[in-house]
Amino acid sequence: MATAKKYVYFFGKGRAEGRAEQKNLLGGKGANLHEMTTLKIPVPPGFTISTEACIEYVKRGRRFPPQLWAEIEADITKLERAMGKRFGDPKDPLLVSVRSGARISMPGMMDTVLNLGLNDKTIQGLVQRSQNPRFAYDSYRRLLQMFGDVVLGIKKIAFEGLLSEKKRQKGVTADTALSAEDLMDLVEQFKGVIRREAGREFPQDPKEQLRMAIAAVFESWNNKRAIEYRRIYKVPDNWGTAVNIQSMVFGNLGDNSGTGVAFTRDPSTGEKRLYGEFLLNAQGEDVVAGIRTPRPIVAMKKAWPQVYREFEQICRSLEHHYRDMMDIEFTIEDGKLYMLQCRIGKRTAHAAIKIAVDMAKERLIDQKIAVLRVEPWQLEQLLHPTIDPKAKVQKIAKGLSASPGAAVGKAVFTAEEAVEAAERHEKVILVRPETSPEDIAGMVAAQGILTARGGLTSHAAVVARGMGKACVVGCSDILVNEEEGYFEVANLTVRRGDLITIDGSTGNVILGEVALRQPEKLTGEFGTLISWADRFRKIGVRTNADTPRDAQVTRQFGGEGIGLCRTEHMFFEGDRVVAVREMILAKDADERRNALAKLLPMQKQDFKAIFELMDGLPVIIRTLDPPLHEFLPRKDEEIRKVAEGMGVSEKTLKDKVNSLQEFNPMLGHRGCRLGISYPEITEMQARAIFEAACELKKKGKRPFPEIMIPLVGHVKEFQIQRDIVKRVATEVMKAYGVKVRYLIGTMIELPRACIVADQIGAIADFFSFGTNDLTQTAFGFSRDDSGRFLPQYLDEGILQADPFAVLDEEGVGELMRIAIEKGRKAKPKLEIGLCGEHGGEPMSVDLCHRLGLDYVSCSPYRVPIAKLAAAHAVLKKQVKIKEMGEK
Ligand code: PEP
Ligand code: MG
């Protein structure tokens, strides 16, 4: 007999039906409530309705699955017994909170209803029990407000307007300054709003309230902002949310009560100290909503030393149990401490690294887990710009430093403006009084976020840290007028479009644009973590470096060689382009040789500098790749100037420019095709490389050139180019009387090359996948024009990711697999790497590891990301991490 599915799981009084590992079923929040209960941590009892129930509800066209309500009723009875109170009891009513809780935390994206169970009768019980009518009516008006908004879909402003009006009438600014009578009056007014706006009475039956609230939380899984959040963070739509029904504890019972949010370590720096905020006489939502600016957690030590000690103890045991930094929500009801939630805390990259390394040193975790604790893409934050300390700045305000890094942009005041500006490729700072989950798209579009209100755990702060965006919150110096698009600070007005700079590391707000600096060193815990990653990874990491300066950065970040030096970039420097143009305009090979002779010493000088910096490490230099017309002037004005400088007629130059135009230059006269048409170019480049290498070799250095031929599709193309390079190498080495170790290989960036990789592999020393071109040619998507249609492909889910950013495993990956197999069959020791933009993208690095590549090559600044991703690729399989919280 099939047993009916269980949907509801109880927790309370030291026993729980669920465990931390069950977050897929119970949601992150639910699973951890169950775990904390088992750990004997004070948690108000309650029950969790599983994510499966939510999915069923959605599937059944918004109807509860059979049995669900019966299970809920059974657990209400259990809860009543555990609390010694009854639902709807006019003397001492049981009140509950109803909260969403998905598998992963989606801060502020879904809905919550508090104080459920209050009605016109039970309110009297609450007045009696609390001996605090003000508190009781405040709780009731909050219920009406949340129920109206979340369950009945009435706009918040309908309630907030009345609240503000009441405060105005009374001449007070804080909600807490309203009296019991004021609140009682507001309760009646709020009921009127519900009657008017929803066309029904507020339900007086607590079970009906509960049923409706549960349905509303299920439905909030599909509200606009939750869908948007899932799209951004790639959370599947079919996960659903769990619902937690928990008996209420009150942080707003008077001055011996309060509520707060804390982290067991500093989520911004990673320092080992309790970090957080609390509000006296307030309910949980007041802290995260960022409406009132809370007090730092240490202030609690003074206010309630006993409670603080207990709190510290709980934090310690949670860290030991979960072996990670925890984010905790708590409430103190009349001097008694309760934990309302715990989860693995979100943190900046900086903190993630420090915490991982510190915890490994404290022996809470081992080095492998420490490496896995930091997501490769998070490192991007560390590679974020900071304000040049030497820059002169006009500081105009200071707020809380919520997420590090600096950002410059034009001030905008709404999420829509930010999104529109981003579409125009403009950089903006989103300035808001406070942010709400609706602002998410604007936060993604902006360079940084600045808010006037809210604390370090406010929505803006949490979301920005997750995105790694510079963010300053609680900047009470500024007065924001979002309608008219300006903010005021002291006697200064900053208007929409004015440039500002924010520093999320210091909280400073600066007028105008400030020069930003890239961090360039692998020091401290960052260096330690990457050195651990180095120990575990199998795949090498080289860089795409075109200049001696890039080579320097490569060494600083621990690159293991250069995987691609695009020589054409050298041609654009200074007045070299003049010689390049002479070469292009040459009438015949002799004239071309003359022009090339001018380029030779310049190229040689660059190569020498690069080889010297990379001493002992391989340097792949690619022969000329782009279509020649890229070097020629385009506009008439430019053509005239260049013609003058070169001593040719304007017409000659114009004719030449026109003759070089191609319909499809990306598939035109470029790559090795140039070297075949003009072998002198390949010859000059080979000469520059080997003369540079030989001169260094004579000085006792260890240059290791690898010469790479681009855009090869046929083995003969490679053969012709290889023979030129080989001949020149032999000549030059003979002339210098030294021997230099070198390799000659090819880019694999055309599907045909993949298919005939055995033929090419037989005569090439190495392959390097040019996945930019290979993606372009495999899909037939132009690299330059795919922006027109790719966004739609992503929106409609035709593609999961932009294939120019994340390597397409099924198609391009399969071509690579064929090439690797065939290439290595022909030459088992063939060195194979990748040098497209994908080399610094974690998922693509993982694929490269699985394909058995020897190395990836990426921008020098991405080396730590690639190294960490390469280590993850190995460790993910080895270590079955029993992450008890959410990941
Ligand atoms: C490639 O095609 O992936 C590559 C590295 O070469 P380029 O981007 O210069 O065409
Ligand atoms: Mg290419």
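Using the three backbone atoms N, Cα and C, a Cβ is placed for every residue, glycine included.
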According to TrEMBL, which candidate in ARG622, ARG634, ARG687, ARG824 joins ARG566, GLU749, GLY770, THR771, ASN772, ASP773 at the substrate site: ARG622
Selected stretch (most C-beta pairs under 8 A with the domain 'Pyruvate phosphate dikinase AMP/ATP-binding' (70-303)) from 24-60, 310-362, 426-507, 524-873: 310-362
Interface present between the domain 'Pyruvate phosphate dikinase AMP/ATP-binding' (24-60) and the domain 'PEP-utilising enzyme C-terminal' (524-873) (three or more C-beta pairs under 8 A): no
Tertiary contacts of the domain 'Pyruvate phosphate dikinase AMP/ATP-binding' (24-60), as residues 6+ beyond its ends and Cβ separation under 8 Å: 5-18, 68, 72, 75, 78-79, 82-83, 96, 99-105, 214-215, 218, 221-222, 238-249, 314, 317-318, 321, 336-343, 884-886
Densest Cβ neighbourhood among GLU749, ASP773 (binding-site residues), 10 Å radius: GLU749
Reported mean pLDDT - the domain 'Pyruvate phosphate dikinase AMP/ATP-binding' (24-60): 96
Greatest C-beta neighbour count within 10 angstroms, which of the recorded positions HIS459, ARG566: HIS459
Number of helical, extended and coil residues in the domain 'Pyruvate phosphate dikinase AMP/ATP-binding' (310-362), per DSSP: 26 helix, 17 strand, 10 coil
